[in-house]
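S.K.: When I checked TrEMBL for this same protein, it listed these features:
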| type | residues | note |
| --- | --- | --- |
| BINDING | G41, G42, R63, N160 | substrate binding site |
| DOMAIN | 7-245 | domain 'Aspartate/glutamate/uridylate kinase' |
| SITE | K9 | site 'Transition state stabilizer' |
| SITE | K226 | site 'Transition state stabilizer' |
Amino acid sequence: MQDTLNIFKIGGGIIDDADQLSQFLAELARVPGRKILVHGGGKGANQMLTELGIAPQMVNGRRITDAATLDIVTMFYAGKTNKQIVAGLQAAGVNALGLSGADGNVIQATKRPVKDIDYGFVGDLTERSVNAQLLDQLLRAGLTPVLCAITHDGRGQLLNTNADTIASTVARALAALYRVELHFCFEKDGVLTDINDDNSVVPQITPERYADMKAAGQIAAGMLPKLDNAFAALEAGVEKVVIENALKINEPVKTILCRS
Ligand SMILES: Nc1ncnc2c1ncn2[C@@H]1O[C@H](COP(=O)(O)OP(=O)(O)O)[C@@H](O)[C@H]1O
Ligand SMILES: CC(=O)N[C@@H](CCC(=O)OP(=O)(O)O)C(=O)O
């Protein structure tokens, strides 16, 4: 039987709040077995860009990343945020290793081609983008890889890649080696039927229910690409995909995705 690998993704909402981040890291430390953490940080990046006089620009949930923006998000995601999370995990007793996609060639991306929109230095992934062998070796060595949203193209160019997409693609690539459980963690208890009612968590969601909820206008903003990535992972052999509160990963309340 394959070993279980838990892959967690946290976004900018949690990372931005020091107390919530350290609570999440303490909960993560309690999860037994092998694990990988993927982090974003879009909210803090928006704040930093604004402070530096650059207006953040998002289209369809993806950041338009010009050269100046790439410099700043690289410093923010691969530098401050990644190292702060690694230090927090060390403090919680987890031997974490922080990596961008360029480190150990762990994630190689392709610059998004210009169609209607020029996203600039944004990287797209395929399953072959992920160096699953290296991640497996690190896990076997007892390390917890902590992956940020910065990738590279193999020719010296850094790229900015959505962190939900990284989590989903890493999960798919490692599904050949492990029984993978993918956890998208954020500030709500799961997928809600009413965004204003925290008690309206849908315990299980099928592709049909997702389509109905979308048609009813119950799913918006960042939750749309998140669920698209989540269902894609489930279809590609990831054993279990969960949407849950970052502060309650060890509690039963959550949304579990079902194939049908
Ligand atoms: N039906 C829904 N249930 C829960 N959250 C939803 C729903 N529809 C939209 N959202 C929004 O999606 C957001 C999560 O997406 P996003 O902001 O991209 O998170 P992250 O930065 O953690 O990846 C939530 O903060 C919430 O406001
Ligand atoms: C290309 C692209 O959109 N990259 C994202 C990477 C960070 C991210 O995904 O952060 P959250 O998970 O906190 O949203 C961005 O710069 O916002």
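For all residues, glycine too, the Cβ spot is worked out from N, Cα and C.
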S.K.: At the Cα level, what's the spacing in Å between K226 (site 'Transition state stabilizer') and R63 (substrate binding site), rounded?
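M.R.: About 15 Å separate the Cα atoms of these two residues.
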S.K.: Measuring Cα to Cα, how many angstrom lie between G41 (substrate binding site) and K9 (site 'Transition state stabilizer')?
M.R.: 11
S.K.: Setting G41, G42, R63, N160 aside, what same-chain residues sit with their Cβ within 8 Å of the center of the Cβ atoms that define the substrate site, listed in sequence order?
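M.R.: Everything else in range on the chain: G12, G40, A45, T65, V73, Y77, A149, N162, A163.
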S.K.: For the binding-site residues G41, G42, which Cβ has the most other Cβ atoms within 10 Å, all shown protein chains included?
M.R.: G41
S.K.: Taking only the recorded positions K9, G41, G42, N160, K226, which have a CB closer than 6 angstroms to any atom that belongs to ligand 2?
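M.R.: The ones that qualify, in sequence order, are G41, G42, N160.
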S.K.: Within 10 Å of the Cβ of K226 (site 'Transition state stabilizer'), how many other Cβ atoms are there?
M.R.: 23
S.K.: Please report how many Å separate the Cα atom of K9 (site 'Transition state stabilizer') from that of R63 (substrate binding site), as a whole number.
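M.R.: Per the Cα atoms, K9 (site 'Transition state stabilizer') and R63 (substrate binding site) stand 18 Å apart.
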